[in-house]
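Visitor: Attaching a single structure in structure tokens format; questions to follow.
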Amino acid sequence: MAYLQFIIGNYRSLSYGFMLSLFSTFGQTAFIAVYGGQILVLYNMTPGEYGLLYMLATLSSAALMIQVGKLVDDLPRVLFTGAVLVGMAVACLAMYAQAYIQSMLFLYLTLLLLRLFGQGLMSHASMTAMARDFNRNRGKALSIAAMGHAPGEAFFPLIAVGLMAWIGWRESWLAYALVCLFVVLPLSSWLATKPRQPRSGAEPQPSDAERLAESQGWTRTQVIRDSGFYLLLPVVFAAPCLGTGLFFHQVVLVNEKGWELSAFASGFTTFAIATTTFGLIGGRLIDGRNARWLLNFSLWPMALGFLLVSLSGNPWIVHALMLLVGITVGFNHTIGTALWAELYGLAHLGSIRALTSSFMVFSTALGPAMMGLLLDQGISMDRVMLLSAVWVAVTAACIPLILASIQRKRPDLAAISSR
């Protein structure tokens, strides 16, 4: 009931965040991977060559995010949103144009644009808006906006397969471009034009201490000089790094275990349910406590999931894996932006989030590459999963020490979200 009242009281702002998260799927790895077979045939590439090109495009988008993402601090929301969606439409049109321009350079640029505007800037705009529009209910707002990822992950690949069979794979990208231009762009622009005006009582007013602490935000230069920032990076990006690596190499895992690929694919429904459910739970916990408190517990489910799949050959373990990984990912959807807002304020949040988003995108390129190198050395996927479990567990065990160190240097944090 509390969530329903909150949504009704703030439907415009929340719809904006949800919609951008949903349609950012066009630039996500799981969606682009559906077209991998067609691209390999078109360019006569090996999977390794395509993986390398994809990694380079992802890393390039991460580098661009640092500069382009900070524009969310300088431009009106409606203008930034429009520019991002036009860019997303151009990226989709570039994929359609593969029928007429067959060049490795052009494919690289197309993938770069998809990753930059989809995974990068659309998600960035969504999460930054939620962090700015809400204070006491920031966790709930972030979790509701992040819920857009779940239906995108669950249904967009199925829609892509259907469109490929109906109109062809290139033509499906033309359809996505038209959706971005004539559906998502006008609707999201309308949602972005009117400032957020919550109904009376929809959100408690922040205390004077919270308002002062968050309005006096750090600049990105100050953040870069903060040692605590670098201590937190491995913690925040362990999940996207290793989770993407697992999904990218799912076929290797399935083949080693002797499972059917459909058995692993069925786990994505469990994953979507878990990310949605625990994203909402995480939002409530952040509002009741703070993002730093939830961070202490967020990685342990993923560590357990990796451990279980490394030890069991039962295909039903896929659902336990996806449930546990989904819990961590659901928590992470809400923790990240809330954490940076708590630590560094709102004044320059867009610029800071552009920096952290670039690191996140980099981590999603690093995970598949690292796992691929281990697999090329003859290390089994079971062993890779066991090593990943150890990595995540050690990182999780260090979180209380890292937060204690930051707290000692930052007594002002007691004023932020200490509810």
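Each Cβ is built from the backbone N, Cα and C atoms, and glycine gets one as well.
Copied straight from TrEMBL:
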| type | residues | note |
| --- | --- | --- |
| DOMAIN | 1-407 | domain 'Major facilitator superfamily (MFS) profile' |
| REGION | 194-214 | region 'Disordered' |
| TRANSMEM | 20-43 | transmembrane segment |
| TRANSMEM | 49-66 | transmembrane segment |
| TRANSMEM | 78-99 | transmembrane segment |
| TRANSMEM | 105-123 | transmembrane segment |
| TRANSMEM | 144-167 | transmembrane segment |
| TRANSMEM | 173-192 | transmembrane segment |
| TRANSMEM | 229-249 | transmembrane segment |
| TRANSMEM | 261-281 | transmembrane segment |
| TRANSMEM | 293-311 | transmembrane segment |
| TRANSMEM | 317-340 | transmembrane segment |
| TRANSMEM | 352-374 | transmembrane segment |
| TRANSMEM | 386-406 | transmembrane segment |
Visitor: Okay, the transmembrane segment (293-311) and the transmembrane segment (352-374): do they have at least three CB pairs under 8 Å, pairs separated by 6 or more?
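Guide: When sequence-distant Cβ pairs are counted, the transmembrane segment (293-311) does not touch the transmembrane segment (352-374), since fewer than 3 lie under 8 Å.
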Visitor: Would you say the transmembrane segment (229-249) and the transmembrane segment (144-167) are in contact under the rule of three or more C-beta pairs closer than 8 Å, pairs 6 or more apart in sequence?
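Guide: Since fewer than 3 Cβ pairs under 8 Å link them, the transmembrane segment (144-167) and the transmembrane segment (229-249) do not come into contact.
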Visitor: How about long-range neighbours of the transmembrane segment (293-311): same chain, 6 or more residues beyond its ends, C-beta under 8 Å?
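Guide: Contacts of the transmembrane segment (293-311) (Cβ under 8 Å, skipping residues fewer than 6 from its ends): 235, 238-239, 242-243, 246, 253, 282, 285-286, 317-318, 320-325, 327-329, 331-332, 334-335, 339, 382-383, 385-386, 388-389, 392-393, 395-396, 399-400, 403.
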Visitor: Quick one: mean pLDDT on the domain 'Major facilitator superfamily (MFS) profile' (1-407)?
Guide: 86
